[in-house]
Amino acid sequence: MKKTSTRQDLFRFLKKPSFDKLQNASIKTKIIILFKILILTYVGIIIASLPFQILKELNFVGETTNKVRVFLDIMRESRSDYKSYFIFTSILLVPLLEETAFRLFLTKFKLNYFIISVSLIFGCLIFYFVNFLFWKPASYLLFSISTYFYSTMISGVIGLILWIIRNQLIGIKKFWNSNIGIIFYSSAILFALFHFMSTNFNKDNLIFAPVILLPFVVYGVTFGYVRIRLGLIYSMALHFVILGILFGLQELIN
């Protein structure tokens, strides 16, 4: 890969995604790139959030709240002991789970990666949908344990089914390796949809749903870029830092 600035390389990548990794880069160089991507991510989030803020000021849409955050706040405030569980599950486990689900398979087609990512994506989506529509756990600890237990269980069943039909899945390889842009942006959109499900958004205003999705798409594409260019560990690290800033500082202040 030619020597270009991180910003130029990111924009070039977004125009034409590829599975090319950053070659011959030291850990120090990768950390510097990660820091630059962190800054670019926040710039992108600010820009992507503007359309929603404008619509809100014009009273086209109302304020949205994050159902997960509201629920966790209630559970967290009920007993101070839940703070450590909140930090552990929200800041440490979430990046591991979400990056494995939505970004592990962002490489030239590898059957095992494909099965793991797809099974985790659908396992999490199915449990997430059922959980927040039909079940209200009595404690944050129960919520945390059930989320990871049932998501893993459902993902395991889906993964087993995919493994049984693995010979048929090999046919995806040609399409996968020749349609990198579709794979990359589909991953980012699925990631955004996954988080959109956690917002209390008026169903009458679904026409504006893409506006709320925009910031999550920004996260999805920057995490995906880092995963491909630097590696999965670095996308997990970026995810960890962003969640740490969002939730960690708030916890320390409170």
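Residue positions begin at 1 at the first shown residue.
Glycine too: its Cβ is placed from the backbone N, Cα and C atoms.
Copied over from TrEMBL, here are the features:
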TRANSMEM  31-52  transmembrane segment
TRANSMEM  85-106  transmembrane segment
TRANSMEM  113-134  transmembrane segment
TRANSMEM  140-163  transmembrane segment
TRANSMEM  175-194  transmembrane segment
DOMAIN    176-242  domain 'CAAX prenyl protease 2/Lysostaphin resistance protein A-like'
TRANSMEM  206-226  transmembrane segment
TRANSMEM  233-253  transmembrane segment
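For the domain 'CAAX prenyl protease 2/Lysostaphin resistance protein A-like' (176-242), DSSP puts the residue distribution at 58 helix, 1 strand, 8 coil. Predicted-model confidence for the domain 'CAAX prenyl protease 2/Lysostaphin resistance protein A-like' (176-242) is 89, expressed as mean pLDDT.
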